[in-house]
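Take a look at the structure set out below.
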Amino acid sequence: MYPAFSIIVFTVLSGAGFGAMAAATLLVSYLGVLGFDITMILGFVLAGIGLGGSVLHLQSPWRARYSLSQWRTSWLSREGVFALATMVLAFIVIVGHLLQPIQAHEGFGAWRISGIIAALLCFATVRATGMIYQSLKAVPAWSSQPTSLMFLIFAATSGGLIALSAAGPSSNMAYGVALFFLFVAWYFKAVIWARVDRLEPTATVGSATGLGDHDDVRLFERPHVTENWLTSEMGFRVARRHAMKLRILAVAVGGVLPGAIIGGVLAGLPHPAVWLAALLTIGGLMVERWLFFAEAKHAMTLYYGEQSV
């Protein structure tokens with residue numbers, strides 16, 4: 001699949017943004033007034049940029065509103081509904097907290113309940129984003145793996161690092177939790193990569209053409225000699241040796257370096273270094289998400305020279 005920059009930005013930044021807002025609303029007492037405000041505003045901005053990227057990716061962005069009506073059958077529509085509801089409620093929570101910050105830390109009042117609902121909506125939005133891809137049976141690398149769970153884990157990790165950065169100097173336990181999430185996220189991704197590499201073909205040229213009973217079915221001639229939208233969008237290829245290098249780069253930038261920085265903070269580095277760890281994590285996720293699309297094979301490519309998917 002073609003790794004469009006707008007979709008990479010959308011999935012990574014919106015995931016980090018919704019993850020940050022969820023972390024802020026669930027950890028409001030830990031973050032404090034300033035930490036909560038910074039995390040919520042940053043999360044809101046990142047989610048807004050990501051959603052803007054998804055709208056601009058559409059051929060007719062002004063028609064995006066029509067997709068909201070298909071929520072009964074479409075994960076894309078559900079994502080839009082959840083995202084809109086989340087952004088509206090998050091905006092109310094941000095404004096309310098700026099006007100009366102003390103209420104968010106006292107008891108289980110209306111603002112606390114609103115925050116918990118906002119956190120649940122954040123997770124629902126990210127899950128819906130992941131399900132858009134996981135529900136595509138024509139792309140086995142996505143449909144055969146827990147793609148939506150991967151999106152949730154990475155959103156919680158990147159958003160949690162933003163919240164930790166905004167919280168100011170924290171306890172060793174907080175830094176330890178951040179290291180744990182980083183390890184789990186990239187270990188989970190490594191498992192998915194390994195499973196995809198060992199994935200048995202679910203479709204071949206024979207099954208695609210109905211000639212599956214015959215041995216060694218091969219393409220005699222392409223449907224057309226020039227490139228078209230299908231071949232450019234769904235027939236993107238990346239050499240395996242390049243993919244392996246990019247996997248290593250993603251883990252190094254998004255996991256190893258942030259982990260080393262947080263470990264350094266535990267050893268005495270100033271807390272603002274965690275901001276760098278958060279930025280590096282998002283950078284690593286950009287590489288990971290590029291590979292997520294570039295390595296995926298669509299069943300359509302069976303009609304354009306691919307032997308199996």
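Keep in mind that glycine also has a Cβ here, set from the backbone N, Cα and C atoms.
Between the listed ranges 16-34, 149-167, TrEMBL ties the annotation transmembrane segment to 149-167. A contact between the transmembrane segment (149-167) and the transmembrane segment (273-292) is present, since 3 or more of their C-beta pairs, 6 or more residues apart, lie under 8 Å. Tertiary neighbourhood of the transmembrane segment (246-267): same-chain residues 161, 172, 175-176, 178-179, 182-183, 185-186, 189-190, 193, 238, 273-274, 276-278, 280-285, 287-288, 290-291, selected by CB-CB distance under 8 Å and a gap of 6+ residues from either end.
Ranking 38-59, 80-99, 111-128, 273-292 by CB pairs under 8 A with the transmembrane segment (173-192) puts 273-292 at the top. Long-range contacts of the transmembrane segment (111-128) within its own chain (CB-CB distance under 8 A, at least 6 residues past either end) are made by residues 14-15, 18-19, 21-22, 24-26, 28, 75, 78-79, 82-83, 85-86, 89-90, 92-93, 96-97, 100, 103-104, 148, 151-152, 155.
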